[in-house]
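**Student:** Structure provided below as structure tokens; questions to follow.
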Amino acid sequence: MSSSSSSLTCARLATWTIVAVLLQILGLLLFVLGFFPVKPALSGVSGPESYRSPMSNSMEDHEHINQLSPYQRRSLYKEMSEIPPSFDRLILMVVDGLPAEFVLGKGDQPPTKAMMDAMPYTQSLLSHGTAIGYHAKAAPPTVTMPRLKAMVSGAIGGFLDVAFNFNTQAFLDDNLLGQFLNIGWKMVMLGDETWIKLFPGLFTRHDGVSSFYVKDTIEVDHNVSRHLGAELVANDWNLLILHYLGLDHVGHIGGRSSILMIPKLKEMDEVIKTIHMSSVLPQDPSHERTLLVVLSDHGMTENGNHGGSSYEETDSLALFIGLGSKIPDYASATRNAAFQVDIAPTLALLFGVPIPKNNIGVLMGETFDSLTDDQRLRALELNSWQLLRLLQAQLPGLLCGNFPCNGFNDAQCSEIDAHRVNIEKKFYCLFSKAATLHRSWVSQEGRSFCSTNTDDFRRTVAAYNEFLRTANEWLSRRATDKPPELLAPGIATMVVSCVTLLSILFRLCKEVYLREKQHLFGSDNCKYKWHLDEVFALVVIVILVFSMGSSSMVEEEQYIWHFLTSTLYLIFLRKAIQSPSAGATSSLLNVIKRQKFSYNSRACSIIFVLICGRVLRGWHQGGVNWVHLPDISKWLEQIDARIIKSIQIVSVFCVISLSSLALYLLKLKSRVVLVVQLSLFLSGLLVVMHIMEYHGQTFAPSNYSSTLIAQIFYAILGSTVMLTVLQAPWVLPISDGETHVNTESHSVTSFSINIQMNSPLLALRYSLYLIGWTYTVCWCLLQLLLQQPINAMPVLLLFFQILGTILYFSVGGTHDKQWVEVAALYFLGMAGHFGLGNSNTLATIDVAGAFIGISSHSTLLAGVVMFMITLASPLLFLLSMVIYISMKDASYLLFSHNGNIGHLLQMMIGFPCLVPLALNSVMLTAFTIVLVLMRNHLFVWSVFSPKYLYVCATTVCVYVGVLVVALTGIYTSSVFFFRKRMLSSMENGTSTKLKQ
């Protein structure tokens, strides 16, 4: 088929593909900026106006407040609040990652005996009524930085705070620490350096440690406790923050059941005992009144991770020690529930400062039991005024002038609830009812019988709590305004990009089909016939798109991938059994194997892939709802850690042995092949050494020898990949350019290869074969080093699936369309992603592995390694595309354009690059539209938004994988054609000299 001006040339394909990808990136950026903005916050800080009704705002406070000294400001707040500060000093002890159920139990059940024995002093405080604990529910994402912001400001940040968690910026919104600074407090911080980044220049003294170097479970806490004795006797601070990271790090390394968890809890209990028994905490007139508050920023899953919205992750602790009031019994001290944002208004009023402007929290009522009734009602009134101001800022219709200022009676409120009128009227009704009851109680105080007065007090408290909780719920669930000027162009740009990629792919499929028919039948007027595997591949995409609209399907997406991928490979198996061998081809494998072996190998390879997939499916019980069910990984972890270590070592040697066999079959006496084999063998030995050195002490902190081994491994692996990619195309022998394919010569009786008898492209395919194996084996070895020990077998099974799939596609002729083959590899990569224990929640991200081989914390390096661990399977299958290219027979498409490097590249890397880009573009665009449609859904932040982050990460993964495949193909082909021309020039020169 001769080329024409309308044909899809390599330059056109590359240009339009790059344009489509750039449009996709632009559209994604516009959408993310529009859908995930930083939540709007009221500017400025709360001052004296917070002690006045929102209906009577005055500007004079703002004119004079800045001129007051801290002491004058403190006195003014005390006078206007009408609530004397309960305490003078605050010790804020944050135990990172501590689940509340470790201390308070779960539901009506107390903590387990092991947990109670681990913290005897804390349990004695709860039993004796000198402490009260809360299950303080945290909002997702459950990572440290946004949770600290919530505790000190009472506001829930934007969802993208999960990304900012790795690059913390100064916190400028109104918060408790800023309010304390305004009244002259001196503050000291020891522990997590996130505090220092959030509040730069605020602390009189500080000693921070990195929160991300999770291999350290000892020094991060010792660095805090070593200062504790000196700080407890010092009198130059009002706020002491102690942020302990060790328990969170223990969880990341070994999960809730880690053998270091109980010792770490005992260590934290000793810290609480030390503080409580010191001279700081006793409450008598000769000492300043000090409150100890023990908090946790989030909980953790059974595996020790966090970031999602499950009960285990959101169950954080708030423990108040030294309130002064006696708690009647253990149940009253431990069975209290609140929200994490409730901590900010509670501490603000206990210490006599205004509630932060953007707070949505509600007072923890039991902490004010030592106050008089009028003071408790005043505290509820101040909390209500603050929330009413926040509601007025977001609901302009909620103003006194729009409603009768004398309030609503109970009948009117009941009518409003029944008719579901506008939200402004409902809020004003609830607030007016509470304010009216409060005024009535004040007017009757001292003139009524005690029982009547008590009943009025309880009704007033209930009315305030109803308003506060209703406002809290609405503010928490309210969707952030999505600016259409960003969302609409973003979605439109992604749709254009998706249509462009699909159009290019369709055009390429059509052109390849016509070339194939011309080669086989000598005519291009043959009707296209759809096969079952092609139809089902399209059905897979459609099912995946429609499943995105269900929150349950998103949570349990692994079932869809496993089922659909297995079904597609069953169709391949049926096709392999029904279709006889198509005859000899110039497949690279058929150069080595006898042709009569191809029929059996095709069926066996698919059966092998299906068996590996079934084992992968049962290895991890992933998802959200059924993660507690038994699976192979849980069974192995319960038996013996030595079995897991043995599986790791066997997996390493299997990968090395298979790679050595694959490279040996080339029968090339090239030095670069021997160097690659040696390097891979040494890399495998280093992985085994790291397993023996590090995993022999699984829960111990990282040591120098294991870090050094990992660093040497990285160096060797990187050097091997670079050497192979750069040198292989230059040093492997090249055949005579005038020799064409002779399929008969491939029926050899030995496994050796005579290069001079084969296609001129065979040397190019040898280079790609060697590079592809290097990519794949190096990636597998890297994952065997980085992944959790229990994931060693899944990595090996993914490697087996690659071999089986490429064997099926490479043997016995062309039975499947190339786009279907590439799509099948892509589907396997996505199914393998869940087979490694990943899910669509942030809690399954492996943070611990990100620091293997890193001697000191680096956000960039740790982030890159974390990305490689999380997207290990999709990247593995994308890298294996280079092997697929080298072994796939497409020589019949190249004859008419022999010598044209553009056409060669188009046929070689067109489908391996375009199909992943197009499939990912469909998924990205579809889920973007779903996310917009679900923007007001109850689970938009807990289910759909985390999934969208994974979709974006997968998009980056596809970009990286496709870029590697494309650059490898371009570089190798360019070198091949350059050497071919040089060889032809030398031969022509020799011929000329001989003729002379």
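Numbers run from 1 along the shown chain.
Glycine too: its Cβ is placed from the backbone N, Cα and C atoms.
Below, the features straight out of TrEMBL:
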type	residues	note
DOMAIN	534-670	domain 'GPI ethanolamine phosphate transferase 2 C-terminal'
DOMAIN	782-968	domain 'GPI ethanolamine phosphate transferase 2 C-terminal'
TRANSMEM	12-36	transmembrane segment
TRANSMEM	486-509	transmembrane segment
TRANSMEM	530-547	transmembrane segment
TRANSMEM	643-665	transmembrane segment
TRANSMEM	672-692	transmembrane segment
TRANSMEM	712-732	transmembrane segment
TRANSMEM	766-786	transmembrane segment
TRANSMEM	792-811	transmembrane segment
TRANSMEM	823-854	transmembrane segment
TRANSMEM	860-887	transmembrane segment
TRANSMEM	908-933	transmembrane segment
TRANSMEM	948-978	transmembrane segment
**Student:** Under 8 angstroms for C-beta pairs, at least 3 of them, ignoring pairs fewer than 6 apart in sequence. Is the transmembrane segment (766-786) in contact with the transmembrane segment (672-692) by that rule?
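**Tutor:** As far as Cβ distances go (cut-off 8 Å, pairs 6 or more apart), the transmembrane segment (766-786) and the transmembrane segment (672-692) touch.
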**Student:** For the transmembrane segment (908-933), I need the partner stretch with the highest count of C-beta pairs below 8 angstroms, choosing only from 486-509, 672-692, 712-732, 860-887.
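**Tutor:** The stretch with the most close Cβ contacts to the transmembrane segment (908-933) is 486-509.
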**Student:** Which residues of the chain, 6 or more past the ends of the transmembrane segment (530-547), have a CB below 8 A from one of its CBs?
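**Tutor:** Non-local partners: 553-554, 557, 560, 564-565, 567-568, 571-572, 574-575, 816-817, 819-820, 823-824, 827, 919, 922-923, 926.
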**Student:** When you scan the chain for residues with a C-beta under 8 Å from the transmembrane segment (643-665), skipping those not six or more beyond its ends, what do you find?
**Tutor:** 592, 636-637, 673, 676-677, 680-681, 684, 687-688, 691-692, 695-696, 751, 770, 773, 777, 780-781, 784, 789-790, 792-793, 795-796, 799, 803
**Student:** Please figure out which one of 12-36, 672-692, 712-732, 792-811, 860-887 racks up the most CB pairs under 8 Å against the transmembrane segment (486-509).
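**Tutor:** Stretch with the highest Cβ contact count: 12-36.
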**Student:** Does the transmembrane segment (792-811) come near the transmembrane segment (860-887), with 3+ Cβ pairs under 8 Å (pairs 6 or more apart)?
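**Tutor:** Contact criterion met.
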**Student:** Using DSSP, break the domain 'GPI ethanolamine phosphate transferase 2 C-terminal' (534-670) down into helix, strand and coil residues and give each count.
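**Tutor:** Going by DSSP assignments, the domain 'GPI ethanolamine phosphate transferase 2 C-terminal' (534-670) contains 103 helix, 0 strand, 34 coil.
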**Student:** Would you kindly list the residues that approach the transmembrane segment (672-692) from elsewhere in its chain, counting only those six or more residues past its ends and only Cβ-Cβ distances under 8 Å?
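**Tutor:** Here the qualifying positions are 645, 648-649, 652-653, 655-656, 659-660, 663-664, 666, 706, 709-710, 712-713, 716-717, 719-720, 723-724, 727-728, 731-732, 770, 774, 777-778, 781, 784-785, 789, 852.
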